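According to TrEMBL, the protein carries these features:
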BINDING   S26, G27, G28, P29, D30, S31  ATP binding site
DOMAIN    385-457  domain 'Lysidine-tRNA(Ile) synthetase C-terminal'
Amino acid sequence: MLEKFLETIDKNQLIEKGQGVVLGISGGPDSTAMLHLFWRIRKAFELRLYAVHLNHQFRGEEAEKDADYVKNLCRRLEIPCYFFSENIEAYSQKKGISFEEGGRERRYQLFDQVLLDNQAHCIAVAQNLDDQAETVLMRLMRGSGLEGLGAMDYKRGEHIIRPLLNISRQEIENYCQRHQLNPRIDQTNFQSIYTRNRIRLELIPFIEKYFNPRIKETLSRTASLMREDADFMSSISKKIFEAIAINVEDEVHISVSALQENHTAVQKRVLRESILQLDGKLKNITTIHIDQLMDLVERGQVGSCLDLPNGINVLRDYSKLCFRNKKNNKRLNFFEYPLKIGENTEIRELDIIFSAEVLPKDSRKDLSGATAVQYFDLDKIQEGMIIRNRRQGDKFSPLGIKGTKKLKEFMIDEKISREKRDEIPLVCDQAGIMWVAGYRMSEKYKLDKNTKQILKISYCYKNL
């Protein structure tokens, strides 16, 4: 399996020598095998490894045993591990999302934070070949287009990698047994209580027995073909969107005549891109909604409106479609609070408490993650630190990027929905933005070899 792992890394250019890799580890077979594989290649690739484990505070004693297992394994392999324990049920309820979505959101937030804290390069997660096959079948039965049937890729965005995506669950379990890793087993995986479990335990074995014994590999191969076509169509559609779309005061306007010059498939993708640009996500947007938009393009009268999920409203004007977010009408008022070292600062509008403390230089090796934390070179900071929300014309220098970038463009790239952008706290000094809290710090304040004093700034929600 090591050879297949290395082949996947090389073929998909997942990592390079000398990089830092954040490893999401639950203690189950998949993430345990992935951790062990990275440990085996760490010297050859000169890797810095950082494991991250989140206790969702949901499975009681079993979850504590998971954490203990991860702790002992990382100690034995001499891999630093960041442990977090959070009430994900409370977090999800507060945000109005499902427990699964809340857990995933917090995990990736913590992965991102550990990546930034350690100036690592990528985040490795342990989805495997079986997960890919299950995902394709679920989306096929639900009714998905090219993107949906493309399922998961070896790389997602700038940082996420999936090095086990072409390795089967059976291979992983055999690997764990061969190396006596004894991973934790979640017994609910063997109960047909969820759709994915029924696909795993009933549907796929049935197909393997009566139709195609290699159905998992077939579905994975199909997903790869779908992704290639989807990427091609997406690149074309984005170019057309950029050519015909106009941003006007937090709205997106699309010329109907210019849109209709293109194939129907491209038109639908441009409409989806309009929603994505406005809201930062396509959650709950279905084929039905896109068909309704197409009807508005082809037959809609001037003044016709369509309400979409997530507060998106689309108006048919004389010559264009106007996309706008109704929730923007209830924008958060401007706020601004002084941030003083050694004191807590409460952001009343967000129910968040910030704190700042100075650490000695020799504490760098002990830096660890928290609910939300960032480290700065104190000598690079000008007096008068404040915490505020965004203002028109804000710019900053995101970590890892040369030059400055408009804050609005950064938030669009991070897919922060418009209704959330005023709620993102910005830590600033007199010179500008130091940290877009929860997302990225400024390149100008990062730690380097000349750093003498480290300023730690962290925040937490009052009610969690």
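Just so you know, glycine gets a Cβ as well, placed from its N, Cα and C.
No curator has checked TrEMBL annotations; they are predicted automatically.
Note that the structure is predicted; figures quoted are calculated from it, not measured.
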Extra residues within 8 Å (Cβ to Cβ centroid of S26, G27, G28, P29, D30, S31), ATP: I25, T32, A33, A126, P183, R184
Counts by DSSP class (helix H/G/I, strand E/B, coil) across the domain 'Lysidine-tRNA(Ile) synthetase C-terminal' (385-457): 14 helix, 25 strand, 34 coil
DSSP three-state assignment for G27 (ATP binding site): coil
